[in-house]
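Per Swiss-Prot, the features are:
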type	residues	note
BINDING	46	O2 binding site
BINDING	50, 70, 108	Fe cation binding site
BINDING	70, 112, 122	substrate binding site
């Protein structure tokens with residue numbers, strides 16, 4: 001059996017601050033069989049919306065609810081969680097010391113400000129699950145959120161897998177052109 005010891009959060013932050021850098025600012029603290037716990041710093045440099053599809057329907061509560069949520073806890077400073085809810089953009093402020101449980105399969109964009117730190121907990125992804133990074137047009141006069149680009153992948157390591165996808169988006173202007181209105185989205 002492995003020896004279990006508590007983690008000194010203050011010491012860990014002092015020794016690992018460099019791991020919480022753009023564009024993702026994410027470091028995996030724990031990866032078990034059931035869940036992943038990540039430390040996330042700010043500021044981040046991304047405008048994508050992440051969709052985690054590891055969905056399992058519950059028999060209790062309401063039949064349409066899922067148990068594959070993402071848990072956010074804001075340790076230091078405030079953040080903003082942009083989501084798409086009922087086919088509409090919505091901003092959810094999460095203040096220092098607050099927690100938020102995001103329903104599964106909700107497109108979300110965590111906006112982290114300078115000198116902020118949070119914890120995020122997610123379920124492990126089954127081999128058949130697919131994550132998505134989506135970019136939406138925010139410049140055209142669209143009636144509902146309009147996807148410009150979507151990358152689909154199996155996520156085994158969020159911290160390392162998101163960075164090259166985000167960097168491709170930022171570097172390729174033509175991939176940021178909206179197919180409906182022709183506007184070019186900002187890289188960040």
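A Cβ is built for glycine as well, from the same backbone N, Cα and C atoms used for every other residue.
Between the C-alpha atoms of residue 108 (Fe cation binding site) and residue 122 (substrate binding site), the distance comes to 14 Å. Its Cβ placed at the centre, residue 122 (substrate binding site) has 20 other Cβ atoms within 10 Å. When the binding-site residues 46, 112, 122 are compared by Cα distance to residue 70 (Fe cation binding site), the shortest distance belongs to 122. Spanning the residues 70, 112, 122 that the record associates with binding substrate, the maximal Cα-Cα distance equals 18 Å. Just so you know, the Cβ of residue 112 (substrate binding site) picks up 25 other Cβ atoms within 10 Å once every protein chain is counted. Those residues of the chain, other than 50, 70, 108, with a C-beta within 8 angstroms of the mean position of the Fe cation site C-beta atoms are 49, 51, 52, 81, 83, 102, 106, 107, 109, 110.
You'll find the Cα of residue 112 (substrate binding site) roughly 10 Å from the Cα of the residue listed as 'O2 binding site'. Around the Cβ of residue 46 (O2 binding site), 25 further Cβ atoms fall within 10 Å across all displayed protein chains.
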